[in-house]
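Under the heading region 'Disordered', TrEMBL lists 1-43. Per TrEMBL, transmembrane segment is recorded for 121-139, 195-213, 290-310, 322-343, 355-375, 387-404, 424-444, 456-475.
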Amino acid sequence: MSRRKPDIEATEPNLSSSGSSKSDLGVTQHHEHTDGQPRQASVAAKLRNPLAGFSEEQVLADVDAWCVDKGLQEHQEWFRKGALIARVGQRDDGFEYVHQLSEEEKDLLRHEITHRWSQPFMLYFLVVLCAGSAIVQGMDQTAVNGAQEFYFKEFEIGEDQVWLRGLLNGAPYLCSCLIGCWSNAPLNKFFGRRGTIFISCIISFITGIWMAACESWPNLLVARFMLGFAVGAKSSTTPVYAAESAPKTIRGALTMMWQLLEIENAEREGRNPLKEFFIVRRNRRAAQSAFFVMFMQQFCGVNVIAYYSTSIFRSAGFSQSEALLTSMGTGITNFLFAIPAIYTIDTFGRRNLLLTTFPLMGLCLLWCGLSFYLPENPDGTPSQARLGSIAAAIYVFMAVYSPGEGPVPFTYSAESFPLHLRDVGMSFATATCWGFNFILSLTWPALEAAFTPTGAFCWYAAWNFFGFVYAYFFLPETKALTLEELDTVFDVGNRQFSAYYRKKLPWYLKKHILRQDVAPMEPLFDLHEKGQHHDFTSEPVGGGGSAGGVKDTEIVEKNEISKT
């Protein structure tokens, strides 16, 4: 689109009760006047809807010019209608006042609101393909769980070589953290999202064959390290690719987010992304929150089970075949209990899922660790009570993890950063994830040997309780928020955020424990008050029409109407 300045000096409409006709101005910007001069619209208002300050004639002229420039005249009518809908996008039913739309087209738009899961087949096909990319790397990553029992023996890596065992298992994540994740930005620049995912899958395919054909542990180490190129680039790209493909109402379930207009490219010219990443509070808070959820995805202890469950079950007294079968059950449990998250992540919310699951995961790890103290049989073999208790604790842990710290971190990270920092932000977030994944993989054998299984599980249980406290006091909710609302949420500092939720503790106690009738607390974020994008009253414009002989639309803020 051409970079035409918005018509922010439009005359304010007559809202008096006399019933005089309103100006044919499209989406009206309201301005207070000082010394006869209109005050400029705020930057936040422009960001809430970049098209809201343009008249209908300006929007249509820009669309026509863009279609001619791109050679898309045959689809020009569709682009015109789409731009008019976007122009009144402050509220879900703004399209009702776009008179260029037929009743059939309006019915389709109403259906999108009332049936949020009724989406085009290609959207779900895209999501399945994104999930498929995770399967490609996931098989190569976690097949090591059962395979290590055999290649440790084949390559004569003894139980005393705990650091070598950890390095072999953690090699992909070392490469992901140091190289793979940071290749995300240049690969996406030159090859695009699809090209980056394709290249990553090819690398996963090649390294999978390479690992299967290895005849020595140094060869296996190099193959697993090379796998990290694919793991890092793909895990940084697929959430963003999916995040740009669907409405905000199901963004969490599909890891999705809204894509703003090309205008932001002009606004960000000359910026230093790395500098903004750390000095702008909104970006710094987003990075802090993404770092936390990615860090806790590893230190909640799940990948100890994903990578070492077979050896854990073996140390508990299971036979090799029993350990392999029981480990397979953890993966099935993980898959089945992730399904409810498709619904809960966009209804219950990201923050609430973490606050619910962190303490439960901590209790499960305590249960598992303390189960190693259950007495053995008189002949010295592990008792059925011990074996059953350890297996049950791990299964319950996986069931609790799956709808919480499983899907939340990548969803949360993909939607937290502003558009011009999204690639850098996701690189940072996934580098954090795989860096701590490497640390966990490398240190678990030594940790288990030094702390005993009980101490090692209690160590990670403590991190889950820490995660609960941190999430309560410092982690914002991002459920179903637009990019502009996320700017408001992340612009609140840590001190103000934690002080608000500290004051809310007595309120929770009175309302939910003592069951008292208490007044609701004032919200921390004014997302529905004056100046926010969806608290508007809409009225069709009376009188004149647009150039095309169609009535225009006027969106008037509720508080302005109440004054008249």
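Cβ coordinates come from backbone N, Cα and C, glycine included.
Bear in mind that the values here come from a model prediction, so they are computed numbers and not experimental data.
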Margin query: Under 8 angstroms, Cβ to Cβ: which one of 290-310, 387-404, 424-444, 456-475 has the largest number of such pairs with the transmembrane segment (322-343)?
Written below: 387-404
Note to self: Using a Cβ cut-off under 8 Å, which residues of the same chain at least 6 positions beyond either end of the transmembrane segment (387-404) come close to it?
What the structure shows: 300-302, 305, 309, 312-313, 316-318, 326, 329-330, 333-338, 340-341, 344-345, 353-354, 356-358, 360-361, 364-365, 367-368, 371-372, 374
Checklist line | the transmembrane segment (290-310) in contact with the transmembrane segment (355-375), cutoff 8 A, at least 3 CB pairs, sep 6+ | finding: yes
Notebook entry, point to check: Hey, would you say the transmembrane segment (456-475) packs against the transmembrane segment (355-375), going by three or more CB pairs under 8 A that are 6+ residues apart?
Noted result: yes
